[in-house]
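Engineer: Dropping a structure here in C-alpha cells format, bear with me for questions.
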Amino acid sequence: MMVGAFFWGGLADKVGRKQSLLICMSVNGFFAFLSSFVQGYGFFLFCRLLSGFGIGGAIPIVFSYFAEVLAREKRGEHLSWLCMFWMIGGIYASAMAWAIIPHYGWSFSMGSAYQFHSWRVFVIVCALPCVCSVVALTFMPESPRFLLEAGKHDEAWMILKLIHDTNMRARGQPEKVFTVNRIKIPKQIDELIEIESDTGTWYRRCFVRIHTELYGIWLTFMRCFNYPVKENTIKLTIVWFTLSFGYYGLSVWFPDVIKHLQSDEYALLIRNVPREKYANFSINFTMENQIHTGMEYYNGRFLGVKFKSVTFKDSVFKACTFEDVTSVNTYFKNCTFIDTVFDHTDFEQYKFIDSEFQNCSFFHNKTGCQITFDDDYSAYWIYFVNFLGTLAVLPGNIVSALLMDRIGRLTMLGGSMVLSGISCFFLWFGTSESMMIGMLCLYNGLTISAWNSLDVVTVELYPTDRRATGFGFLNALCKAAAVLGNLIFGSLVSITKAIPILLASTVLVCGGLVGLRLPDTQTQVLM
C-alpha cells in the first residue's frame, strides 16, 4: 500500500484520475479474488502484496478526483462524507469477518491438494465492493480540472456543462446557460514518447514509455518541495507522520493489551494437578487450563479429548492411546512416551518440547488448523473489539462533516489531535477488558475528526498538477509510520503502559500544534 500510494498518486497526475483509479482498483480486485483460491502460503502472500499495491492508490486518487468537482462552499462537508465511507468499509469488513469466519462448516476440500475454508469466503466478500467500484467508475467522467491542466479544454467543457445542467435542473432552473470566460493554456506533450512511438522495437518503446512515466512522477514529486508548497509539504509530512504513528500504534496496542489482560485473568484460574499415577483408564472429556507435573499414565486411552491450554511436564505415558484428539495451546515438556499410539491427532512436532519417544506410532495425523470458535471462544473478541472500535468513529464522522465548513479545518485538525493525545492518559485507569474497550472507542471517536480534516486540508493545499502526487506521498508516509508504530507499540505490550501512553500523547499533541500552523484553506479556490 505504501508503494502503491506513491506510484498511483503520481500516475494520476500524469494520465488522469479516472484511468488511474480504474487500473489500481482492477489490480486490487483481481489479486484479492485470486488470493482466495491459491493454496500455497507464499503465493497467497504474493497475491495480497499485489492487491495492497493496487488498493494503495485508491485514497490519494479518490480524494483528488472528488475534490475537483466540488463547489468551494460545500467542499469540506462533502469530503468529510467521503471519509465516512472508510468507516463504513471497516464496519463491513469486521461484520463480515464476525459473521463468516467462525462458520467452519462452510469449508470443503478436493482431496488433500485443494482446501477451501470459511476465511476464503471472507476474502471474496471483501473484494466485492472493489468490483462494484470498477463497474461504477466506467460510467464516471474524468476530472475537468485535470483535463484543463492537460490542455484538453473541449472535453473539460463538456463535463463541466454536464455538471452545470444537472445542477440547474435539480434547482428548477433548467433555462440557465453554461458559459466559459477563460481557458488555461494547454501543456506541451512529451515529444520523446511521440518520436519513440514511430521508431525502435516494441520493447524499446515500452521501456522508454515506462521510464518516461516514472521519471515524470519523480519530477512531479520533487515539485512538491518547491515554492510555494514547500513549507506546506514539510508541515503536512510532520502531521501525517505523527497522526499515523500514534493512531495505528495504539490501534494495534489496544487489542494486544486486552488479550494480555485476558491471559492474566485466565492464568489465575490455572489448576495445578499434583504428581499421581493413573492406570487402566479412559478419558473422553475436555481438559482445560491445567498443568500436570510428574504424572505417570499406564495403559490409558484418550478418546475424543479436547485439550485447551493444558501442559504436561516431566510426565510418562506408557502403553497409552491418543485417538481423535484436538488441542489448543497444549504442550508436552520433557515427557517420555513408551509404546504409545497417536491416531487422528493434531499433535505436531512443536508441541513436544524436549520429549522422548520409545517405540511409538503416529497414524493419520490431522493437518491444517483444527481450532474452532466453540473450542476457543476468546477468539470472538478479535472481531468484537474490531467491530466496536470501527463503529465508535460514527459520531466523530458525523460531527466533522457537519462542522468542517463552520469551525474550519485547522481548528478541527489541531483540536482533535490534542484531545486525542490528552485522552491517552485515561489509559492509566484501564485495568479491565471493558474499560480498555471503552478507551479504544473514545480514542477512535476523537481521532477520526483529525483524519477527516487532514484529508481535506491536504487536497486543498496542492495545485492540480501535483495534488494526487503530494497526497500519494503523504499517504505512503502514513503507511511507513503505521508499520513503525506497530513494531514499537507491539513490542511494549507485556512490558509497560507508560512508554506507549507518553509516546502516543507526545506525538499527537506535537502534530496537532504543527497542524494549527498550516494555512487556512476554507475559502480558497482549488489551484
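Cβ from N, Cα, C; glycine included.
Feature list, courtesy of TrEMBL:
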| type | residues | note |
| --- | --- | --- |
| DOMAIN | 1-522 | domain 'Major facilitator superfamily (MFS) profile' |
| TRANSMEM | 20-37 | transmembrane segment |
| TRANSMEM | 43-67 | transmembrane segment |
| TRANSMEM | 79-101 | transmembrane segment |
| TRANSMEM | 121-140 | transmembrane segment |
| TRANSMEM | 236-254 | transmembrane segment |
| TRANSMEM | 380-403 | transmembrane segment |
| TRANSMEM | 410-429 | transmembrane segment |
| TRANSMEM | 435-459 | transmembrane segment |
| TRANSMEM | 471-492 | transmembrane segment |
| TRANSMEM | 498-518 | transmembrane segment |
Engineer: Do the transmembrane segment (121-140) and the transmembrane segment (435-459) come close, with at least three CB pairs under 8 A (pairs 6 or more apart in sequence)?
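Structural biologist: Counting Cβ pairs under 8 Å (6 or more apart in sequence), the transmembrane segment (121-140) does not reach the transmembrane segment (435-459), since there are fewer than 3.
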Engineer: Need a quick answer: max count of Cβ pairs under 8 Å to the transmembrane segment (79-101), which of 20-37, 43-67, 236-254, 380-403 is it?
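Structural biologist: Ranked by Cβ pairs under 8 Å, first place goes to 380-403.
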Engineer: What stretch, picked from 236-254, 435-459, 498-518, has the most CB pairs under 8 A with the transmembrane segment (43-67)?
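Structural biologist: Stretch with the highest Cβ contact count: 435-459.
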Engineer: Using Cβ atoms only, state whether the transmembrane segment (498-518) and the transmembrane segment (236-254) have three or more pairs under 8 Å that are 6 or more apart in sequence.
Structural biologist: yes
Engineer: Below 8 Å between Cβ atoms, which of the listed ranges 20-37, 236-254, 435-459 makes the most pairs with the transmembrane segment (380-403)?
Structural biologist: 435-459
Engineer: Taking residues 6+ outside the transmembrane segment (236-254), which of them lie with a CB under 8 Å of any CB in it?
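Structural biologist: Same-chain contacts beyond the ends: 385, 389, 413, 417, 420-421, 424, 436, 439-440, 443-444, 447, 450-451, 454, 457-458, 461, 470, 474-475, 477-479, 481-482, 484-486, 488-490, 492-493, 500, 503-504, 507-508, 510-512, 514-515, 518.
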Engineer: Would you report the average pLDDT that the model assigns to the domain 'Major facilitator superfamily (MFS) profile' (1-522)?
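Structural biologist: That stretch averages a pLDDT of 83.
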